[in-house]
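Over in Swiss-Prot, the protein carries these features:
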- GLU199, GLY330, ALA331, GLU333, HIS366, GLU389: substrate binding site (BINDING)
- HIS366, HIS370, GLU389: Zn(2+) binding site (BINDING)
- GLU367: active site (ACT_SITE)
- CYS736-CYS743: disulfide bond (DISULFID)
- CYS772-CYS808: disulfide bond (DISULFID)
- ASP997: GPI-anchor amidated aspartate (LIPID)
Amino acid sequence: MVRLLLLVSLGLCCLLASADRPPYKSSGIYEEEPQLPGASDLSGGVASDEIGVAPAQAVDERYRLPTTSIPIHYDLHLRTEIHRNERTFTGTVGIQLQVVQATDKLVMHNRGLVMSSAKVSSLPNGVTGAPTLIGDVQYSTDTTFEHITFTSPTILQPGTYLLEVAFQGRLATNDDGFYVSSYVADNGERRYLATTQFESTSARMAFPCYDEPGLKATFTVSITHSLSYKAISNMPQKTTTDIETDMRTTFFEKTPAMSTYLLAFVVSDFQLRLSGAQRVYVRPNAFNEATFALEAGVKILKVLDDHLGIPYDTYMPKLDQIAIPDFAAGAMENWGLVTYREQALLFNPAVSTYRGKTNVATTIAHEYAHQWFGNLVSPEWWEYIWLNEGFATLYEFYALDMAYPGQEYWELFNQQVIQYAMGQDGQASTRPMNWNAATPGEISALFDRVAYDKSGSVLNMMRHVLGDDNWKAGLKAYLTDRALQGAVDEQLYAGLQSAIEGKGVLPNGVTVAQIMRTWTNEAGYPVLNVRRSYDTGDVIISQERFYNDRKVPNTNIWMIPYNYVHQAKADFNEFDDFQWLATKAARIETTVPANEWIVFNKQQVGYYRVNYDEHNWELITNALHENWASIHRLNRAQLIDDAYWLARSGRLDLRVALRFMTYLRNEREYAPWTAANVALTYFNNRLRGTAEYHNFLIFVDALIEDIYSLLTIDAVSPDDTLLHKYLVQTISTWACSMGYTDCLMKTAALLKAEASGTGPAVHPDIASVTYCYGMRSALESEFQYLYRKMMNSKNLAERTMLIDSLGCSNNKEFLKAFLTTALGSGTGVEINYRADERRRVVQAIYSGGRTGVDALIEFLMDPALVNEFVSTLSTSTLNSALSAIASRTNNVEEMNKLNALITALGSRVNSQTAANLRTTAQANLDWVNGFEGLMLSNFLAEFAAETLLTTTAAPETTTVTAGPTTTTTTPSSAVTTTTGPTSVTTTVVQTTTEEDDGAATIGLSIAALLVSITVHLLMG
C-alpha cells in the first residue's frame, strides 16, 4: 500500500548525464528498389537517391593542405627540461616527403611554433640514399588556416625530398598539443611532466607536420630529458645516450605508418607495472592503483586479438597505458601509448566505486578497440570519424563482456548507449553520421554523440543483422584490406559485404552499402508506427523521422530491420528472423490473436523507436501488471523509454505512457528502472516547486515502495552483481529523496559512525548515496570530517564524489563557506584544489538542491565575492552558474530571486544573457500550464485521489522524520500513512546518473543529483 505524501517546501534540480566522454557523400538508398519478403508496399513510391538525404554543407576547403606533396617519414627530436618546470622546448624534424606535382612550396601545419632554420634536399636514390642539398628555404605562416609554407629556391619536380626544420615552442597549459601537467608528491612537492594530446588537430603544436588523418607516415622519435625522468613514446625504447651531466636522450624504434594525431610521448618520473608487452605508468603515489588496469588490459587485448583475427602484435610490439593528472578527455588511443585521465585508469578498492571500476574497464576496452579501428585503419578524413568512435563505443561494452563473461557489462549498452543516443539524436539540430568539417573547431565538434553513441548503436544493429560470424569475417576483411591506410565508409561496407556473399543473409538484391547509407547519410532516426487490425491479424507498419518535441511530416526513408514477438511466442533471444521496411509503409500478415500483445524490435537492437495503437499499449500494460517478467527486460526498458519520448513528441497520449509506467510497482531489474529514471527525472525537474509536485511524489512513492523494501541499502554483499549495485543506487536515491525514514536514518547513521570513529568507513559502492543523504542532516563536525577526507584524498574520483556529497548539505552557511574554499579564500592558506575541482564545487552546490541554489545566489549577491569568483573561476563559470540557476527556477518566488541576482550583477551580465536567463526561467513557469504540464497534472491528480481511497485513516499526531532527528507536530487535520518502510516525510527528489564515458572521449557529468533540505508538513 502506498503512503500519501503531503508536501509544501520542496527543492531539487536533477541533472541527467551519462559518462563520460563530440564531407558528406551524396548517396541514396539504392538505384532500384528490391522486393522485400514479408511486406507489401503501401507507400506507392520508391526510395530514391534524393529522398530524405541530408544536404551537403559548405565547408572552407582552404583549411585543407594542398595535394602537391605527401609525407613519407618524420625523424623528430625534442628537448624538454620539464623536470625544473621549464615551459620552453626545442626541436628538429626531418621530413622525408614525396612531391607529386611540381611546386616550389611545401605547405604543412603549424600552430604557435617559431622556426629557427629550414633547408631542403633532394633524395635522388630514395629515402635510403644520401641527401643532396638544394638550399635554405623561406617560410611564412598563416595563423588563420594554421599553415606554414616552406618556399624552395628552385621548383621541386615530382620525386623524393628531405625537409629539415629547427624550431622552438612552449608547452601548453590547456591540456592540448604538447603540454604540461603536474601532481603533488607525498612530501608536498609539486612535480611536473610533459605529455601530449594531438587528436584531432594539435600535433602541429609540437612540430610542423602534415596534420591530416589520411596523410600517414612513419616516425622515429628521440627526446632529450633529465636523467631523473623517463621518456616513453608509441614504440619501445631503442637506446639511450647520456649528454651533459644531467641530461639523457632516449631513442625509440620506428613506428608503422600512422596518422600524426596518434603520435604520443610523455616525459615524467612515473613508475610502471608490467605484464608481458603491456605496461601501466602512474605517478609514484598511485602505484598500487594500477593493478586492475593492467589486468583488464591484458584480458581485453586477448579477446580482441581472437575476435578480430588480427593479433595486435602483428603491427605493434608493445602497449602502454599512462594516467595523466591533467587530461581534458577521458582517454586517447595513441597507438602503443594510451593516455588517460586518472579517473579513467586508476582503481583503488578501498575508495573506488563499482561505477568507477566500470568506467575504468569500459574506457580501456574503448581505447583498445581503437588500436584496430582508428590506428591500424584511420579515417581518410574527419567526415568519417564514426569509423573510429562508433566501433570503439560498441566494443567498449562488447569486448569487455567477452573479457569478463558473466559480469553483465553488455547489459549496460542499451541504456548507456542506444537510449542515450536517441535522446540526443532526436533533436532537430542533429547531424548525419557522415558530415564534413574543415576548421579545427568544426572538426572538434564532430566528436559528439552521433560519432560515438549513435554510430555504435547502428553498428550493433548491423552486427545482429549479419550475425556474429559474418560480422567478424567482414571486419577482418576490412581491416586487412585497409591496414596502415586511410578508409572511407564504403570500404567498410565492402568488407562486410564480402563476408555474406551467397549466404542469403539479406534480401535478394540488397547490399550492406544500400542499407548503411540510409543510416549514415540521414540525420536522426525513425519511429516505426505499428497499427494492428484486430479482426484480420494484419499489422500496418510505417516509418517517419522522430523528433523529441514535435511531430513533423517528412519524407525520410530508412531501411529498417524489424522483428517481433507476441504473447504466445515470446522468443526474445532469436535474431534470425529480420524482415525489412524499405518504404514509407507496409502491411504484414500475422496470426497473432486479438487478445495477445505484440512487441517489435527484440531487445532493442534496432536503432529506432516503436509506437503502437493504444489497444496494444493497453495489452502490454496489462500483461506486465500480471507478470512483470513476461517481456524481456531490455524490451521493458525500451517500452518505458519509447513511451516517455513518444508522449513528449506528441505521438502518444501522455496518460497512456504514465499508465504503462505504473507496472513499475512490480519491476525488479536494472534496465527498466534506469529507463524510468530518465522520465521521472524530467517530470521531477518540471514540477519541483509547483503546487502539483506533491502528487508527483505520491506517484513515485507508489512505484518504488515494494522494490525498496527488498533491497539492502546500508551494506554491500560480495554476491551483489554489477546490475544489482546500479539498481540499489537508483532506488535508494529516490527513496531518500522521497523522505523514506528508513533510508534517511540509515545514511545518516553510517556517515555519523564513520565521522565519529565509532564505525567503519562507508563501503565505496554505497558511499555517494550515503554521504549525500547523510549530509542532509549533518552537523558541522560531520561536514568538516567529509571536507577533510576530500582534501586528504589523492584519488581524483573519490575527491569528485566527496565534493558532490558536500554540495548536498542543507545548511546554507556550510555551503557558502564551501564556496569560499573554491576561491582559495577565507582560510589564509592555499586550498589544495585542481582547477576543475574548483568549478566542481560550484556545480555540486547548485546541483545539490534548492538550498544550494539559494546559497549560490546569496553568495553572488556580494560584490566582493563575485569579483573574486570571476577572478578565480572565470566569467564562463559565472555564466554557467547563472544558466544553472535559471534552469532550476520553477516558481514566482524563485524568479524574483533570479531577477534580483541579475540586477545585482549589473554589467557582468549583458542584456542578451539576461534575456536568455529570464526566457529559460519563464519557460519553466509556463510549462506547468501548457498542454504537457496539464496532461501530467491531471493524471497525477487522479492517481493521488485513487491512492487516497486506499490509504489508511490518519492519526491525529504525525511524525515527520528527516535523518536522525524527529519532530512531532499536531495539526488540526494532519494526514499520514504508516504502511511500507517509512512514515511520511517531505523532501525533494534526486536521481542517479550514468557516468559514460565510455566513450572514452566523451565529457563527464555529476554522479548524483542532490536535494533540498527544508521539511514541512502541509497543514489542513
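Every residue, even glycine, has its Cβ placed from backbone N, Cα and C.
Distances between the Cα of GLU389 (substrate binding site) and those of the recorded positions GLU367, CYS736, CYS743, CYS772 are shortest for GLU367. Largest Cα-Cα distance over the residues recorded as binding substrate, namely GLU199, GLY330, ALA331, GLU333, HIS366, GLU389, equals 16 Å.
Of the listed recorded positions, namely GLU333, GLU367, GLU389, the sparsest Cβ surroundings within 10 Å are found at GLU333. Distances between the Cα of CYS772 (disulfide bond) and those of the recorded positions GLY330, ALA331, GLU367, CYS736, CYS743 are shortest for CYS736. A straight line from the CA of the residue listed as 'active site' to the CA of CYS736 (disulfide bond) spans 37 Å. Within 10 Å of CYS736 (disulfide bond), judged by CA to CA distance, lies none of the binding-site residues GLY330, ALA331, HIS366. Within the set of recorded positions GLY330, ALA331, HIS366, CYS743, the entry lying nearest in space to CYS808 (disulfide bond) is CYS743 (CA atoms). Here the recorded positions are ALA331, CYS736, CYS772, CYS808, and the one whose Cβ sees the fewest other Cβ atoms within 10 Å is ALA331.
A straight line from the CA of ALA331 (substrate binding site) to the CA of CYS743 (disulfide bond) spans 37 Å.
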